[in-house]
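Working notes for the structure below.
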Amino acid sequence: MNAANYLYVSALLFTIGAIGVVVRRNAIVVFMCVELMLNAANLAFVTFARINGNLDGQVMAFFTMVVAACEVVVGLAIIVTIYRSRRSASVDDASLLKR
Amino acid sequence: MINLAIEVGKTSTPEAVLFWFLAPLAVIAALGMLLSKKAVHSAILLAWIMITLAIFYIAQDAVFLGIVQIVVYTGAVMMLFLFILMLVGVDSADSLKETIPGLRPIAITAAIGFGGLMLSLLGRATLGHGMVGLADANAEGNVPALSQLLFSRYVWPFEVVSALLITAALGAMVLAHNHRLIARPTQRDLSIARFRGESLANAAGLPNPGVYALHNAVDVPALLPDGTASEASVSAMLKARGDVIDSKPFQLIELTDEEGEK
């Protein structure tokens, strides 16, 4: 097996996450798909760090994890706020500006 | 242009076995996450994908990241997700009906195009060198090597990221905080409302569940003197969840004449 297979898995996971972000309507599931995309990018970072033989990629993956944690915290707080006022976690229901 | 990325370097056989065992599982779990109707199932499958990725990290000499992945993602982030799911309602199944017409075919076509592009790009890319491996970089151990990088070359991004974390925590607190529009009713207010209300029937408090019924449990309605079940005796929360036992079997039986004579 060659190490590039990890990159293919990463690309597949990223694509699946991207489909989920567009297609799913539950805001929490959309967030999970964003997390999947971030994780796929991390896998690519770690694989490239190994291929290139330096640790910069791992440091970048570490930073990505921190940013992902921030994103989850703020995003879930927004979901809870929207749910409190609209009683729904569907992204299509939050369309007040349209009407 | 000597080494195609597809022949970037061979890994050991055990790692290959691990990869071919876990990678299909990860992709299947990702598809399941995409297709499952219930958000909880998606969360569990995502936790599995994250554990798989943590194993991949450890297999690729990123020991620290592998552990952090388990602690931060499957530990903290997924628990946060499940917590919010519980708060918002587990039973609210996502309707898979598409609201924007034609969105799904377009999205899937675009995603297949993007994925094919990525895969063919990876298959044709060249790096100009084979796999170097992290044996030299990790010579003193993964964590010391990472920390040396983190506190020398990447110290400024590190500080910025810490500021980002604090800002995110503060932002979440601000967002999650809600102001009360009216003051919380005190015990005195509640008492006055009870006695000055429309009827005095409940002035002494609502009947307890299970009183005079066959079972003394919170989900069994109390029986009124005429033998009928009192709806007021069971918590509204239990009723909303549908956890109330049907009161019919617990009502007193109409006394027949024969039993009346006894």
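Just so you know, glycine gets a Cβ as well, placed from its N, Cα and C.
The feature transmembrane segment is assigned by TrEMBL to B:17-36 (among others).
Residues or ranges marked as transmembrane segment in TrEMBL: B:43-60 (among others).
Residues or ranges marked as transmembrane segment in TrEMBL: B:66-90 (among others).
Under the heading transmembrane segment, TrEMBL lists B:102-122 (among others).
Positions annotated as transmembrane segment by TrEMBL: B:154-176 (among others).
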(request) Might you confirm whether the transmembrane segment (B:154-176) is in contact with the transmembrane segment (B:66-90), defined here as three or more C-beta pairs under 8 A between residues 6 or more apart in sequence? (result) no
(message) Cβ under 8 Å, sequence separation of at least 6 from the ends of the transmembrane segment (B:154-176): give me the contacting residues as numbers and ranges.
(response) none
